[in-house]
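Participant: Quick paste from TrEMBL:
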DOMAIN    3-172  domain 'Rhodopsin'
TRANSMEM  24-53  transmembrane segment
TRANSMEM  73-96  transmembrane segment
TRANSMEM  108-127  transmembrane segment
Amino acid sequence: MHFLIKNAFLTYYLRLSIHRSFRLWVGLGFGLNIGLLLINLALIVFQCIPVAAAFTPLLRIKGAECMNRYYVLLAPSTLNVILDFYVFALPIPTLWRLQMPLRTKIGVISVFAFGGISVILSMIRFHSLLKLISLNPQETAKGVGEVMIVAALELNVAVIAVNLPAIRSIYQVAAKGELRSSETAPEAVE
């Protein structure tokens, strides 16, 4: 899900500027995002040798060796926070250079800044993972619950943030009264 949301942001960023340097930075973001996805998949699949030991931990396969769970939990989360910050910060210099009134510019930047909430939640999720690792087995359920709640908030805020530019446009059209309901729309001609 994180991969798709970041790709949606980066794809939208391609519409912000035609400058080659900005597009290269966006392309780097795509590359880093694909790299993060591949790292996450590799950690999930190859965390144990034999691979089956990772997917059937209750069988306790004899002779299986698994990576330290700290690395499996924290490496993707650390890289995700870094990439979240990169994707969040990438358009701000370009937006600031846009030729528009200061009030409009601040409004546009504030729409993008909403994505900063997702970055903050990503950091909180990382902190929750750190706490989860150090919990006693009796407290693990509470820790997992906290991580899941923060992760769900992070994803929902990110989805809202990536859609805010479109929502803003729809709101502006609706405020002008240019949207028609199906009841007032002209009938289709056969």
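Cβ from N, Cα, C; glycine included.
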Participant: By Cβ distance under 8 Å, which residues at least 6 away from the ends of the transmembrane segment (108-127) in the same chain are close to it?
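Facilitator: For the transmembrane segment (108-127), the list is 9, 74, 77-78, 80-81, 84-85, 87-88, 91-92, 95-96, 98, 100, 147, 150-151, 153-154, 157-158, 160-162, 164-165, 168.
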Participant: Do any residues, 6 or more residues outside the transmembrane segment (24-53), come within under 8 Å Cβ-to-Cβ of it, and if so which ones?
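Facilitator: For the transmembrane segment (24-53), the far contacts come to 2-3, 6-7, 10, 13-14, 59, 61, 64-67, 71-72, 75-76, 79-80, 83, 86-87, 90.
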